[in-house]
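**Q** Just lifted these from TrEMBL, have a look:
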type	residues	note
TRANSMEM	A:9-30	transmembrane segment
DOMAIN	A:95-300	domain 'ABC transmembrane type-1'
TRANSMEM	A:99-119	transmembrane segment
TRANSMEM	A:140-161	transmembrane segment
TRANSMEM	A:237-257	transmembrane segment
TRANSMEM	A:285-307	transmembrane segment
Amino acid sequence: MTAYLLKRLVIAIATLILASMVVFAVLEILPGDPARLMLGLNASADQVELLRDQMGLNAPLVLRYLHWVGGLLSLDFGRSYTYSVPVIDLVRERMAVSLPLALIALALSTVIAIPVGLYSASRRGRAGDTIAMGAAQLGVAVPNFWFALMLIYLFAVWLRLVPAGGFPGWSAGVWPALKSLLLPAVALALPQAAILARVARSALIEVLNEDYIRTARAKGLPYRAVLWRHALRNAMIPVLTILGLQFAFLIAGTIIIENVFYLPGLGRLVFQAITQRDLIVVESIVMLLVVAVIAVNLVVDVSYAFVDPRLRGRQ
Amino acid sequence: MSLLEIENLSLTIGDTPILKGVELSVAPGEVMGLVGESGSGKSMTALTVMQLLPHAARASGRVSFDGIDILAATEDQMCALRGDDIGMVFQEPMTALNPVKTIGEQVAEGIRWHTKASRAEAEDRARKMLDRVGLPEAKFPLSRYPHELSGGQRQRVVIAIACALKPKLLIADEPTTALDVVLQAQILDLLRGLVSENRMGLLLISHDLAVVTEMADRITILRHGEVMEAGDTARTLSEQLHPYTRQLALASMHVPARAKAHSTGQGKPLLEVEGVTRDYPGRRTSLFKPAPPIRAVDDVSLSLAPGQSVALVGRSGCGKSTLARMILALDKSTSGTIRFRGETITGRSEAELKPARRDMQVVFQDPYGSFDPRQKVEKLVAEPLHVLEKKPTSAERREMVAHALHEVGLGVSDMDKYPHEFSGGQRQRLSIARAIITRPKLVVADEPVSALDVSIRAQILDLFAELNQKLGIAYLFITHDLTVARAIADEVLVMHDGRIVERGKTGDVLDHPQSEAAKALVAAAPDLHRAIARRMQEQG
């Protein structure tokens, strides 16, 4: 078990290092001089050069990379050019919106997908299965921003149950804050749930054909008990894999959804930072998202070992 | 009064009739053997009793168990019967257990479900049951997972699950078919013990007449879903009144007619294996110490003359398949040399091996798994032709495939069919056609008939014998089945724990085994003659 976990950890760290190099390199190659951008069009070449020196932009590439990584590790992400505040403050503030949003969406998609998958798999080929999978097909096909607009129209404009957008801040109380995150979370979760439900269904159908399911039935367990006790856990392995992979798409989805709902989250921040060439902010947030995706996949790898004893090895 | 009574049972799946008017009964404490070839409806009969049939299946007739009308029982009633009064053991122990649950959980689960016992009580009973089936606590704690057990051990767990609540009836569907003969003897012994301890009825399903004869008091012979003959085992098999019974009995003892074995020992050997060893990396127990290697094949030497037929016999896991893979240059040896036609093949590159590959081919056990289902026979059988020096034209290729098919008893028209259009026996003929198309000098056959029914198996053994005579192909048969060795091999090599422990003429080794391993194999191998004789003697 320890050997397996250690190996996963080493792989995660190696991926992280590689990703940081790529992020750094891409922003190096991109056109646009941050110093010139900050000083405006009227600045003289000397002024720009001076600022570049001050910002450390003239140092050798390797040094700048190490400096940047060192900063990331000590949570010193630098200062935003456009907001003139430390990036870490921006991130902290925006994270309070994006992190709960992503977590709610992830939980929601799992909670929807697994029962739908179970239901469909146990009713394979019958009307219920066809309807559930038809809905899932629709969920996969419909883009989440359009879906978000429909949700706003239905629940905010028509039923007036939740606000159409914006975020009151956690200081306004937990419930109002959660309420304004609800629609965006649903909009994010449903397409994910649709994919996940299809994966869960096919994984379950495969497992239900296994010999050990027949053994369990021969013990006298009713079909439902066999489904929950024997089939589900075995079907979790492919479901977990997809869940880990989907997390990256979920993060990408927040950029769109936060814009649709006017949420002051990381997604919106990174979108604005890109349009304003606030490269330090972009770098920092992209790295943060990379860390999040890698961490989630590490968690998935660890949970494999919990689900499947064959990965744990002999104790 | 019978425990299980099946009267006039008919079964259809969709529009296909599976069973036609089956009659069968099992009394308490009785072993009923249900024999038939694949597709005869043996398993479907068992699944009807369990009511675990596929959705589209419709049964009519009467099945009564202990006074309960099974065909009319509700699912709840069946759940109460299954695992409590009727237990079932399946063929494939490797996949019959849930890989993510411990053996303790899996044995205790049924006990808890039926008796509402507490977890501790149920685990206690599970522990006792595992002890009974030969998995003692010291080596097999409840916390073991299935992947930590071998096939024979897993089958013991499956039997423990089925017998945990002392069922009145146990249905065992080919319980030993996937095991080697020594394990088979042990498992049959265990089943026999459980029957006599609990006066349990046993419905033993098997395609192996010898196994059933050793075990069953009465026997029912099934063919195409109909009962051919039923009655007392010893009488049925000694008198062999029904032609089908006679056919089965003859087929299961079939020895192909072979002219005198090819003269051996003269001239250069075709294959020479010298001091070959194969180590596999062992499982790491510590992060810092390298794991000790596992020695699968240990200093093995052998030689094979052109046209000679040799059987390499041994229990599962003895290293015989690893050795075969090294001879075929599909696996690298750790040390030692293998020479084929006088040339060393160990340590050669794939390009250098090409001429050697032309002269050695392989036939695998599973005629279902060894063909790509989406390709036509012509392409499948022509597969090895890429090792020829000159690529044949498509007309030449067709000609060669037609010839090979003819030699294995198939027609030219079979060339444009797909594998699923053939029966198991025909598919094994296809794999033999594929093996001989390059006119090889050596064919390595890994359990080539163990997946086949007895009558098909007799035909395939005949085919092997015929090709040996006609084309002078040398064979290396890898098998745990001594009847195969007896039928087709000039010489037998007995392998145990990676070493060859005995070798000699087939008759000498099988009739007078010297080594412990050979003795164990011979003693455990079911033999129809011996089994009938013993039954007759018991009954006086």
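Each position is counted from 1, following the chain as shown.
Here the Cβ of each residue, glycine as well, is placed from N, Cα and C on the backbone.
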**Q** At a C-beta cut-off of under 8 Å, are there same-chain residues at least 6 beyond the transmembrane segment (A:140-161) that contact it? List them, or none.
**A** 183-184, 186-188, 190-191, 194-195, 198, 253, 256-257, 260-261
**Q** Among A:9-30, A:237-257, A:285-307, point out the range having the most Cβ pairs under 8 angstroms from the transmembrane segment (A:99-119).
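**A** Per the Cβ under 8 Å count, A:237-257.
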**Q** For the transmembrane segment (A:285-307), could you work out the same-chain residues 6 or more beyond its ends whose Cβ comes under 8 Å from its Cβ atoms?
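**A** Apart from its flanks, the transmembrane segment (A:285-307) reaches 1, 4-5, 8-9, 12, 15-16, 19-20, 23, 72, 91, 102, 233, 236-237, 240-241, 243-245, 247-248, 251, 266, 269-270, 273.
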**Q** Mind checking which residues reach the transmembrane segment (A:237-257)? Cβ under 8 Å, same chain, six or more beyond either end.
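**A** Those are 98, 101-102, 105-106, 109-110, 113-114, 117, 144-145, 148, 184, 187-188, 191-192, 195-196, 199-200, 203, 263, 265-268, 270-271, 289, 292-293, 296-297, 299-301, 303-304, 307-308, in sequence order.
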